[in-house]
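Among the features that TrEMBL reports, transmembrane segment is placed at A:44-61, A:73-93, A:98-116, A:122-145, A:152-171, A:191-210, A:231-251, A:263-282, A:313-334, A:346-362, A:369-387, A:393-412.
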Amino acid sequence: MSTIDKTSGLADADFAGDARKQSNLGDAFTDYVGRLRGGEMGSLPALLGLVVLYVVFGLANDKFLGLLNQANLVVQAGSICLLAMGLVFVLLLGEIDLSAGVTGGVCATFTALAIVDHGQPWWVGVLVGVAVGALIGFVMGCLVAYLGIPSFVVTLAFFLGLQGVILKLIGEGGSVPVRDEVLRGLAIKNIPPLMGWIGAIVIVAVFALLSLRQYRVQVARDLSRPPFALVLIKIGALAAVVLVITGLLNQNRSIRPNFVIEGIPWVLPVIVALLVLWTFVLGRTAWGRHLYAVGGNAEAARRAGINVNRMKVTAFMICSSMAALAGVMAASYSGKVSPSSGGGNVLLYAVGAAVIGGTSLFGGRGKAINAVIGGVVIAVIANGLGLLSQASWINFVVTGAVLLLAASVDAISRRRRSAAGI
Amino acid sequence: MSEYPLTGEPEGSAPVTGEPLLELRGVNKSFGVVHVLHDVDFAVYPGQVTALVGDNGAGKSTLVKVIAGIYGRDDGDYLFEGKPVSVNGPRDVGALGVEVVYQDLALCDNLDIVQNMFLGREEKNGLALDEATMEARARDTLGSLSVRTVKSVRQSVASLSGGQRQTVAIAKAVLWNSRIVLLDEPTAALGVAQTRQVLDLVRRLADRGLGVVLISHNMTDVFEVADRITALYLGRVAADVPTREVTHSQVVELITAGRSGSLGIAENPATATV
């Protein structure tokens with residue numbers, strides 16, 4: 001508007017013009033620091049914690065930084081990352097799913113039984129597992145959304161009940177082996193190095209192209225946008241991370257001279273694919289936008305015409321389906337499904353992973369990448385403490401303390417946000 | 001008029017005569033034995049701010065909800081552009097281009113301004129959201145209301161002041177080429193400067209040709225922006241008058257006693273009917 005009528009002088013003084021001007025790197029950095037101070041921490045605490053953990057464990061044990069152990073770490077983190085990614089959806093609503101670990105166990109049992117007892121191919125087994133997961137999530141979601149039972153109680157009941165289901169399916173003291181080439185190969189086989197390089201380069205190239213295209217659209221339509229240097233820095237950072245990880249994992253990490261182990265474990269592309277999928281769904285689709293809206297202000301979402309109950313049910317279904325994949329991944333790592341699969345501390349590890357990575361327990365804030373970063377932190381703690389051959393009680397205490405620390409960071413950030421109004 | 005340009009010359013206060021955009025005639029509404037609205041006539045004119053005033057319990061909220069389609073009518077007509085329309089719910093009203101901005105603004109703090117303005121009605125490009133179009137449209141709408149947003153339309157709503165949040169809520173209502181906007185106590189929780197902003201915005205909406213209904217307790221606000229005042233007293237319309245023909249104290253009397261001099265309800269309605 002070029003004309004400003006005289007009555008609106010004061011209003012315009014306060015709404016002091018949209019800063020559509022090209023911001024430079026300094027402004028972007030100042031902005032970022034401001035957001036951090038306002039409690040918008042994201043994954044930064046987790047990344048800093050990861051650096052500290054690597055330094056501490058690296059100094060304490062010379063095997064920790066070895067390539068063999070680092071590749072092992074990727075496989076160990078896989079199941080936690082998948083489960084945590086699923087939990088992000090439920091946490092975004094401000095709900096919780098305490099049964100996710102056991103749900104994974106039940107689904108993996110169905111998968112294993114479909115393959116072993118019914119001679120189905122692996123993909124049918126996985127589909128059966130995911131379908132069972134979706135069904136469990138559907139029932140829990142309906143109980144939470146339509147009956148109004150707190151999710152804490154519903155999922156605690158399923159946590160107990162589903163352990164009984166696994167016992168019934170497998171039998172006391174028994175276990176179902178997972179020997180399928182493909183499924184077992186997820187954890188123990190590696191991608192040929194050349195394919196790994198091609199995949200890595202394709203990922204970097206696609207990311208760079210999409211980033212640049214988005215920037216071009218933003219410039220062409222004169223929308224708010226980050227400084228161009230920041231776009232380049234982000235592309236560079238992603239390229240560095242992807243290529244360094246690929247390079248390291250493509251080296252021979254065998255400790256025996258006549259036996260070669262090289263390549264990226266198959267777990268990693270599975271995680272990356274799901275990470276890309278859920279990042280797209282959460283960030284770029286109407287469904288994802290509505291999920292954030294329901295988590296931020298359910299009443300506002302309802303008034304905007306969003307079916308809040310349906311959002312809840314679908315979020316629980318995605319969470320449980322991801323739990324199914326996590327359960328299959330865990331079975332692939334251990335080579336079997338047993339009545340204790342998915343029990344114990346599996347769920348708390350996953351909740352810890354999501355929260356450590358920067359997903360808020362209060363709803364409305366979180367991303368799929370948070371779960372992956374947090375999952376790596378949890379896996380590093382478990383792996384590092386294991387290498388130090390500490391008694392297992394220390395593992396529990398440390399992991400519990402880290403979860404509490406992450407929840408504290410979350411709560412403090414939230415208070416700072418409401419104080420700063422961000 | 002079928003469409004309103006986003007940027008236009010302020011038309012000033014339109015004359016009182018002319019076709020009302022929206023009109024209720026003889027509307028009654030009861031909840032059980034409680035007769036809340038008695039033969040209410042209410043009209044909204046394009047390009048004018050109609051203030052709806054009344055004491056607590058006078059029926060303002062009920063009338064707004066009837067207009068919004070949340071409550072049905074027991075009897076009476078609902079006319080839009082002079083033609084009777086059937087209104088069976090909020091969706092029908094939304095389709096007519098009537099938007100209500102409620103007192104609790106119904107914004108999501110964790111989303112930014114653009115995301116809030118398009119919530120539930122996102123522009124899509126295939127499966128993905130069309131962020132560029134949404135941002136451009138949000139910016140156009142805010143610009144057409146002479147709102148220069150604080151720093152960026154990509155700012156989180158939680159970081160906005162009360163007046164700015166109200167502005168976003170109003171802009172959200174205007175975004176869909178609305179014909180009528182109902183504002184429920186838009187300045188109730190605001191400071192002096194922020195009230196100023198919102199009142200300016202209300203005036204600008206009317207100058208763009210929209211019919212604006214302002215529900216308010218604040219007589220200063222009402223006299224500042226309203227072209228017409230409709231006063232409710234115990235569920236009846238005590239007066240429907242142009243603002244320039246009444247004084248502050250007359251309106252207060254209409255609100256508290258239902259009559260003022262020659263204006264208002266003739267007899268004490270508490271004894272006349274019920």
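Here the Cβ of each residue, glycine as well, is placed from N, Cα and C on the backbone.
Of the two recorded stretches, the transmembrane segment (A:191-210) lies close to the transmembrane segment (A:263-282), with three or more CB pairs under 8 Å once pairs fewer than 6 apart in sequence are set aside. By the Cβ criterion (under 8 Å, sequence separation of 6 or more), the transmembrane segment (A:152-171) is not in contact with the transmembrane segment (A:313-334), since fewer than 3 such pairs are found.
Tertiary neighbourhood of the transmembrane segment (A:393-412): same-chain residues 39, 41, 45-46, 49, 345, 348-349, 351-352, 355-356, 360-362, 374, 377-378, 381-382, 385-386, selected by CB-CB distance under 8 Å and a gap of 6+ residues from either end. The stretch with the most CB contacts under 8 Å to the transmembrane segment (A:122-145), chosen from A:44-61, A:98-116, A:231-251, A:313-334, is A:313-334. Counted over residue pairs separated by six or more positions, the transmembrane segment (A:98-116) shares fewer than 3 Cβ pairs under 8 angstroms with the transmembrane segment (A:369-387), which leaves the two as not touching. Beyond its flanks by at least six residues, the transmembrane segment (A:346-362) meets 41-46, 49, 79-81, 83-88, 91-92, 94, 96, 98-102, 104, 159, 326, 330, 369-375, 377-378, 382, 399-400, 402-403, 406-407, 410-411, 413-414 of its own chain at Cβ-Cβ distances under 8 Å.
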